[in-house]
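Chemist: Pasting in a structure now, in C-alpha cells, and then I'll have a few things to ask.
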Number of protein chains: 2
Amino acid sequence: MESSSAPAALETAVTVPSSAFDVSRRPDTAGLVLNSPRPPSLREELVGVVGKAFRPRGAGTGGAGGDRRPPRFAWVLTALQAVFPVLQWGRTYTLKSFRSDVMAGLTLASLGIPQSIGYANLAKLDPQYGLYTSVVPPLIYAVMGTSREIAIGPVAVVSLLLSSMVQKVVDPAVDPVTYRTLVFTVTFLAGVFQVSFGLFRLGFLVDFLSHAAIVGFMGGAAIVIGLQQLKGLLGLSRFTNSTDVVAVAKAVFSALHDPWHPGNFFIGCSFLIFILATRFIGRKYKKLFWLSAISPLLSVILSTAAVYATKADKHGVKIIREVHAGLNPSSVKLIQLNGPYTTECAKIAIICAVIALTEAIAVGRSFATIRGYKLDGNKEMIAMGFSNVAGSLSSCYVATGSFSRTAVNFSAGARSTVSNIVMAATVFIALEFFMKLLYYTPMAVLASIILSALPGLIDIREACNIWRVDKMDFLICLGAFLGVLFGSVEIGLGVALAISFAKIIIQSLRPQVEVLGRLQGTNIFCSVRQYPVACRTPAVQVIRIDTSFLCFTNATFIKERIMEWVRAEVDTSNEKVRERVQSVVLDMSNVVNIDTSGLVGLEEIHKELASLGIQMAIASPGWQAIQKMKLAHVVDRIGEDWIFLTVGEAVEGCLTAHKGSAMEC
Amino acid sequence: MESSSAPAALETAVTVPSSAFDVSRRPDTAGLVLNSPRPPSLREELVGVVGKAFRPRGAGTGGAGGDRRPPRFAWVLTALQAVFPVLQWGRTYTLKSFRSDVMAGLTLASLGIPQSIGYANLAKLDPQYGLYTSVVPPLIYAVMGTSREIAIGPVAVVSLLLSSMVQKVVDPAVDPVTYRTLVFTVTFLAGVFQVSFGLFRLGFLVDFLSHAAIVGFMGGAAIVIGLQQLKGLLGLSRFTNSTDVVAVAKAVFSALHDPWHPGNFFIGCSFLIFILATRFIGRKYKKLFWLSAISPLLSVILSTAAVYATKADKHGVKIIREVHAGLNPSSVKLIQLNGPYTTECAKIAIICAVIALTEAIAVGRSFATIRGYKLDGNKEMIAMGFSNVAGSLSSCYVATGSFSRTAVNFSAGARSTVSNIVMAATVFIALEFFMKLLYYTPMAVLASIILSALPGLIDIREACNIWRVDKMDFLICLGAFLGVLFGSVEIGLGVALAISFAKIIIQSLRPQVEVLGRLQGTNIFCSVRQYPVACRTPAVQVIRIDTSFLCFTNATFIKERIMEWVRAEVDTSNEKVRERVQSVVLDMSNVVNIDTSGLVGLEEIHKELASLGIQMAIASPGWQAIQKMKLAHVVDRIGEDWIFLTVGEAVEGCLTAHKGSAMEC
C-alpha cells in the first residue's frame with residue numbers, strides 16, 4: 001500500500017487494484033482542478049449582463065410565427081410585441097374570452113368604484129381623484145402589461161404611504177392645491193423610476209423587501225389604515241396627521257370629549273358587518289362570490305338612499321357632498337420638476353415606486369403561478385411605470401395592482417387585461433353621469449369599505465409560520481410591523497431593510513466550519529454533526545468551510561476555528577501526536593469565490609499547520625476560488641500535489657503520503 | 001431496470017447487482033437526510049457564543065502544570081495568568097533571554113525616541129507627549145500582552161488620524177490646552193472601547209477592514225503624512241490644517257511665494273538620504289541592521305550639534321526649542337467625560353480604537369506566525385485598551401504596535417515584552433535628563449525621520465498583486481487610497497467599508513447557478529463550465545445553487561435562472577419534449593441556510609417545473625436548510641421520496657422513476 005493513491009471516489013477505480021504506481025501519478029481528476037478554463041472576468045460578466053439587458057427578448061429564438069416575413073419587419077414586430085404584449089395575445093383573442101372579460105370587468109368596477117373613493121379619502125384627496133386613477137392607468141397597463149388577471153388602480157397601502165409622506169411637506173388641510181401638485185409630481189417621478197428600473201433591469205430592487213418584511217409591513221400598514229378610519233367611523237372633525245398608534249389613540253381619546261354623533265358609527269358598523277357577512281357567504285358558496293364583489297357598491301347605494309330619505313346629514317352624519325363630475329382633467333401643468341419640493345418628491349417617489357412595484361409583482365406572480373405562465377418582471381415595471389406617468393398627466397395618483405380586486409377579477413373569470421379596459425370604461429361612465437348621486441353618501445360607509453379590505457392584509461397565520469421556521473425572519477417581520485405601528489411607514493421599511501441586510505452580513509461573518517466524517521462503507525463524506533453515523537478518519541481531519549465567499553469578514557474566524565479544532569485534536573492525543581492528526585483536508589466545495597483576505601487566511605492556515613507538522617490538502621475548490629489561488633501563487637505554496645477534485649481522493653492521497661513517509665522513517 | 005434505484009454513489013453499491021427492489025426501498029442514505037438531528041437553534045447558538053466568551057480560557061484543559069495545587073487556587077492562578085500572561089512566561093524567563101531583551105530594548109529606544117518626537121509633531125502636540133506615550137503604554141502592555149515582539153508607542157497613522165479629526169473640533173494653534181484635553185479624552189475612550197471589544201469578543205470588528213482596504217488606506221495615509229512633512233522640510237510657517245492633496249498642494253504653492261530658508265530643506269534632505277542609505281546597508285548586510293536602527297538618533301544628535309555649532313537657527317532654520325523635561329505628569333483632571341465635546345470625542349475614539357487595534361493585531365499576528373505561536377486577539381485588545389486607559393491618565397495619546405519598531409525589535413533579538421520595559425526605562429531616563437539637549441534640534445530632521453518611515457507603509461507590489469488576483473478588491477483598495485488622498489482619513493475608511501460590504505451583498509444578490517455534468521465513468525458531478533469534460537445527463541438536468549444562503553435577495557434570481565435554463569432546454573427539443581428533460585435535480589449541497597423567501601422560491605420552482613411536467617429532486621441540502629424545509633412543509637410538498645443524499649443517487653432515482661413510468665405508459 002506504500003505509494004498507492006487510489007482515486008477511491010471514482011466508481012471505475014474501485015475495480016483497479018490498489019497496486020504499485022508512484023505518488024506523482026495522482027488520479028487524472030486532480031489535474032482537472034488545476035487545468036480548468038479561466039472563469040469569466042468581472043468585465044466579461046458585466047458585459048454579459050449589460051448585453052442581455054439591451055438585447056430584445058425573444059430576438060434570439062426568432063419572431064414567433066413570423067418566419068416568412070422579411071427579417072427586418074420581423075424584428076420590428078418582435079420589438080413592438082415586446083413593448084405591447086397586446087399585439088401578441090390580441091391576435092388569438094376570441095369572442096368567448098371577450099364575454100368573460102366583460103363580465104369580470106363589470107364585477108371589478110362594482111368593487112373598484114367604492115374602493116377608489118375610499119382610498120382617495122385615505123390619500124387625503126377629493127373622491128374623484130380615486131376614480132380618475134381607476135381610468136387611465138388600467139388602460140395603459142392593458143396594452144403594455146404581461147399579467148392577465150391583475151386589476152390596476154389605487155390601493156390602500158400606497159395611498160397611506162403617499163399621504164403620510166407628502167403631508168409632512170405640505171398639509172392638505174391648509175393648502176390642498178399645493179398638496180395635489182406634490183402628489184402628481186410624486187406620481188410622475190414614481191412612474192419614471194419604475195420605467196428606469198425596468199429598462200436597466202433593476203428588478204432585484206423589489207427583492208430587497210423579503211417575504212417576512214412584506215408580511216410585517218402589510219400587517220402594520222393595515223392596522224394604521226384601520227386606525228385612520230376611526231375618523232370617518234366616529235365622524236370626528238379634529239384628527240391627527242400622524243400615523244403612529246400613540247398619536248391616533250391620543251387623538252381619538254381627546255375627540256371623545258367633544259360632542260360626537262353616534263349616527264356615523266351606527267352606519268359604519270352596520271355596513272361593515274353587511275360587507276363582511278357577504279364576504280363570508282361568498283367564501284362558503286363559491287358561486288355567490290359576486291355577492292361579496294358588489295356588496296360595497298350596494299352599501300354605498302343603500303346608505304346614500306337612507307341618508308337622503310332620513311335627512312340624517314342634518315343630524316351630524318358626515319356626507320361626501322359635492323363631487324366633481326366629468327372626465328380626468330389634464331394635470332400636465334401641475335407637475336413641478338424644478339420646484340422647491342422636488343428633492344422631497346423624488347425621495348417619496350422612490351419609496352412609493354418600490355412599494356407599488358413590490359405589491360404589483362407579488363400579486364401578478366401569485367396569479368401567474370396559478371395559471372401556469374411566466375411574468376416578465378422587467379416588462380411589468382415598464383408597463384406600471386408608463387401607467388403612472390400617463391396617470392400623473394391626467395390627475396391620477398400612484399396606481400398599482402390591488403390584492404383584493406385582482407382576486408375578484410380572477411374569480412369572475414377574467415381572461416386578459418380587457419377586463420381592466422371594461423372596468424375603466426365603466427368607471428368613466430360613472431364619472432360622467434353618476435357623480436351627483438354621491439352627494440349624500442356618508443363618510444362612515446367609505447370607512448367601512450376600507451376597513452373591510454384590511455383583514456386580507458393581516459396574515460397572522462403566515463407570521464406564525466415564519467416564527468416556527470425562522471426566528472431571524474420573524475425578527476424582520478416584527479421590526480417592520482412595530483416600526484410601522486409606532487414609528488411611521490418609512491421607519492418600518494427602514495427597520496426591515498436594516499435587519500435584512502444585517503442578517504446577510506452576519507451570515508457571511510460567522511459561517512459554519514464543519515468536521516466531516518465518512519459514511520461507513522462508502523466514499524461519501526458528510527458533517528458529523530448533521531449525520532452522526534459518519535465516522536471521522538483517524539489520521540486525516542476533514543473540515544468543510546461552509547461559506548460561498550471566503551472573504552475578509554470570515555477569513556480570520558475560519559482560520560481560528562480550524563486551528564482550534566486541530567489544536568484540540570493534537571492536545572487530547574498529547575503523547576502520540578504523530579499518530580493522530582497528520583493531515584487536514586479542507587473541503588472547499590462550498591467556497592465559490594474568495595478575496596485577497598481569504599487568500600491570506602488560507603496561506604496562514606497552511607503555515608500554522610506546517611508549524612505543527614501537519615500537511616494541508618484542499619478538495620474541490622470553486623471555479624473563481626481556484627483561479628484566484630493560482631493567480632496569487634497560493635497553489636504553488638501549498639503544492640499542486642495537495643489539491644484534489646474530491647474529498648475522497650484527498651483523504652486517500654494524504655493516507656498514502658503518510659504511509660510512504662512512515663516507511664521511509 | 002424498471003424499479004431499481006441503485007445508490008450509485010456508494011462504493012459498496014457498485015458490487016450490488018442493480019436488480020429487483022421496489023421504488024419505496026430507496027438507498028438508506030436518503031433517509032439520513034430527513035432524519036438528521038435538529039441543528040442548534042438561534043438561542044442555543046447565542047448561549048454558546050456568550051458562554052464561551054465568559055468562560056476563562058484554558059480552564060477546560062486544566063491549569064497547565066498546576067495539577068497538584070488545590071483546585072480553587074489553580075483556578076485563581078489560571079484566571080490571573082489569563083489576565084497577566086507575564087505570570088506564565090515569567091516563571092521560565094532566563095538570564096540569557098534578559099540579556100537579549102536589554103540589547104533589543106536599547107536598540108528600540110534609539111529608534112523610538114526620535115520617532116516619538118516626530119509623531120508627536122504629527123499629532124500636533126509638543127515633543128514630550130510623544131515620549132510620554134513611549135513610557136506608560138509599553139509598561140502596561142508588557143504585563144498584559146500576548147505578543148513577544150510587538151513594540152508599543154505612538155505610530156504615524158494613528159497620530160495623523162487623531163490630529164486630523166480632533167483639529168476639526170478645536171484648532172491646536174488657537175487653543176492648545178483644550179486640544180490636549182480632547183486628545184486625552186479620546187485616548188481614554190479609545191482605551192475603554194478596546195477593552196470592551198476584548199471583553200465582549202468583538203474582535204471581528206477588526207476584520208471589517210479587509211486586506212485590500214488596509215493596503216489602500218495605509219498607502220493613502222503615508223502620502224498624506226509625507227505631504228504634511230513638507231511644512232517641516234521647507235520650514236514653512238503658514239500651512240493648511242486639511243489633509244487632502246489639493247489643500248496641501250495649494251498651501252505649499254502659496255507658501256513658496258513667501259521668503260523661505262533653503263537651510264531647512266538642506267538639513268532635511270541630507271539626513272533623509274543618510275537614514276535611507278543606512279537602511280539600504282542594513283537590508284543588504286543583515287548584521288549591520290543596528291545601523292538603520294540607530295541612524296535616526298544619530299541624525300538628531302548630528303543635526304542638533306550642527307545647528308548649535310553654526311547658529312543656523314539665527315538664519316531661518318526652525319528648531320524645536322523648549323522641551324518640557326521630567327516624568328509623565330498626571331492628566332486625570334484633563335479627561336472630560338461630560339464636557340461639550342464628549343460625543344465628538346467618542347466618535348473619534350471609536351475610529352482610532354479600531355485603526356489602532358487593526359495595526360497592532362496585524363503586526364502582532366505576522367510576527368507570531370513567523371515565531372510559530374498563537375496570538376489571542378481578544379486578550380490583545382484588552383491589553384491594548386488598558387495601556388491606552390493608563391496612558392490617557394498620564395499625558396499619553398493613543399499608542400499601538402508600530403510596524404517599523406516591531407521589525408527592529410524582532411531583528412534585535414527580543415525574546416519577550418521585557419524589551420518594551422527596557423525601552424520605556426530608557427525613554428524615561430532621556431525624559432528626565434536629556435531634554436535640554438533637544439533645544440537646537442531642527443524641525444527638518446524630525447520631518448526626515450517621519451518621511452523615512454513611510455516607504456514601509458506604501459506597498460505597491462501588494463497593490464499590483466491585488467489587481468492581478470481580484471479586480472473588485474483592487475477597487476476597494478483604490479477607493480480607500482483615493483478617499484484618504486482627496487477626501488480625508490475618515491472618508492477613505494468610509495469608502496473602503498462601503499465598497500467591502502456592498503461586495504458581500506452583491507455576492508449574495510447574484511449567485512452563480514451551475515449546470516452539472518457527470519465525469520465519464522465516475523459518479524462525480526461537477527460544473528460543465530468549470531470542467532468541460534463533464535457530460536450532461538440527457539433526461540435529468542442537474543443544477544447546483546452556488547450560494548450558502550438562499551435568501552430574499554437571491555431567491556427570485558435563482559428561480560428565474562433555473563427556469564430560463566429548463567425552458568431553453570425544453571424549447572430546443574420542441575418536438576420530443578417528453579424525451580428530453582424529465583427531471584431537474586437541484587444540488588443544494590452549497591446551501592447551508594435558507595430563509596422564508598428562499599423557501600417560497602423553492603416551492604415556486606417546484607410548482608413551475610410541475611406545470612411543465614418536470615419532476616424536481618433535491619440532493620444533499622445543508623443542515624439548517626433541510627430543517628427549515630421540513631418545518632415549512634416544503635419537504636412534504638416536494639415529496640420525501642425526491643430528497644437524496646448525493647447527486648448521483650438523485651439522478652439514479654429520477655432515471656429509475658422515468659423508466660418505471662415509461663413502462664407503465
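The backbone N, Cα and C atoms fix where each Cβ goes, and this holds for glycine too.
Bear in mind that TrEMBL entries carry predicted annotations, made automatically and left uncurated.
Residues or ranges marked as transmembrane segment in TrEMBL: B:140-162, B:182-202, B:208-227, B:263-281, B:288-309, B:380-400, B:412-431, B:438-458, B:478-502. Feature annotation from TrEMBL assigns domain 'STAS' to B:550-654.
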Chemist: Would the transmembrane segment (B:438-458) count as touching the transmembrane segment (B:182-202), if touching means at least three Cβ pairs under 8 Å and pairs must be 6 or more apart in sequence?
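Modeler: No; fewer than 3 Cβ pairs under 8 Å.
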Chemist: Which sequence-distant residues neighbour the transmembrane segment (B:140-162)? Criterion: at least 6 residues beyond either end, Cβ under 8 Å.
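Modeler: Contacts with the transmembrane segment (B:140-162): 83-86, 108, 112, 115-116, 119-120, 122-123, 130, 133-134, 183, 186, 218, 221-222, 224-225, 228, 243, 348, 351-352, 355-356, 359-360, 363-364, 367-368, 371, 373, 375-376, 379-380, 382-384, 386-387, 390-391, 397-403, 405-406, 408-410, 414-421, 423-424, 450, 453-454, 457, 489.
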Chemist: Quick one: mean pLDDT on the domain 'STAS' (B:550-654)?
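Modeler: Averaging the confidence scores along the domain 'STAS' (B:550-654) gives 85.
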Chemist: DSSP says what for the domain 'STAS' (B:550-654): how many helix, strand, coil residues?
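Modeler: Tallying H, G and I as helix, E and B as strand, the rest coil: 62 helix, 15 strand, 28 coil.
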Chemist: Which stretch from B:182-202, B:208-227, B:263-281, B:288-309, B:380-400 shares the most C-beta pairs under 8 Å with the transmembrane segment (B:478-502)?
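Modeler: Out of the listed stretches, B:208-227 contacts the transmembrane segment (B:478-502) most.
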Chemist: Please figure out which one of B:263-281, B:288-309, B:380-400, B:412-431 racks up the most CB pairs under 8 Å against the transmembrane segment (B:182-202).
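Modeler: By the under-8 Å Cβ criterion, the transmembrane segment (B:182-202) pairs most with B:380-400.
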